[in-house]
Amino acid sequence: MVGSGVGGVDKVVQPSLKWEGSLWQQGMRRVAGVDEVGRGALAGPVVAAAVILPAHLDPEALSGVRDCKQLRPPQRAHWAERIAQVALAVGIGSASAAEIDQLNIRQATLLAMQRALAQVGEVEHILLDGLPLAELGSRQTALVKGDQLSLSIAAASIVAKVWRDTLMQSWDHQYPGYGWRTNVGYGTQEHRLALQRLGPSPQHRRSFAPLRDLQAGEIGG
C-alpha cells in the first residue's frame, strides 16, 4: 500500500530493519530502499539509488550505515563499498541538468528513481524516503526521514551520494572555477560568485532561480 509519510527523526540514530522485517514476514524478499541526492544543487544531475538487502540480514553487517548527511566522506566511501558487497542488488539512476530543465525537478527525480529501480530486477515492495510517489506504483511505503529510519533507504542514500559526489568532483577538472571539488554543485557563496564571473556551464540547471537571475543580470553572492 502507498504510505502516507510516517516517521520523523532529528537526532543521529541508527536505522533499523523494522520496516524491511515486517515485509519479509509477509513473504516478500525483494524489498528496495530508494533515496535521492542532489535535488537542491545548482549543477549536475539528480541521482537516485535503489538497494535490496538480503532477507533477515544481520544488521551488524551494516552497523555504521546512517543517513548519508550524518557521515563524513571517508565513512560514506567505506560503507558504499560494504553495501555493494552485502546487498542482493544495487541500482543507480540519474537525470541530467538538461533533463531537469526540460521536465522540472520533481519529474526528473522520479525519472532517476525509475532508472535506479530498473537496474535491480524484480521489486516486490519499495521503501521510499519522503512522500509517496504514485508513479512508482501501489507497492510502496513512504517514510518521512526514511533515511534515518530504514537501513535499506539509508544504504541507498549513501550509494547515491558517493556516486554523485565522485562525478561532480571529476567534473571539477572539466569545468574549473566553480569549486565542484568541494561544493559538488550546491549553491555555496564560492559557487555563486563563480557563476557571476564565468557564467553557467553546460552542467548547470538553467531553470533554477539563481541561474534565471543570472540570465536577468540579478545574481548576487
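Count begins at 1; order follows the chain as displayed.
A Cβ is built for glycine as well, from the same backbone N, Cα and C atoms used for every other residue.
Residues or ranges marked as divalent metal cation binding site by Swiss-Prot on the basis of sequence analysis: Asp35, Glu36, Asp129. The secondary structure of Asp35 (divalent metal cation binding site), as reduced to three states from DSSP, is extended strand.
Residues or ranges marked as domain 'RNase H type-2' by Swiss-Prot: 29-220.
For 198-221, the entry in Swiss-Prot reads region 'Disordered'.
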Among the binding-site residues Asp35, Glu36, Asp129, the one whose Cβ has the most other Cβ atoms within 10 Å is Asp35
Additional residues surrounding divalent metal cation, by Cβ distance to the Asp35, Glu36, Asp129 centre under 8 Å: Val34, Val37, Ala48, Ala49, Met113, Leu128, Gly130, Gly146, Asp147, Ile153, Ala156, Ser157, Ala160
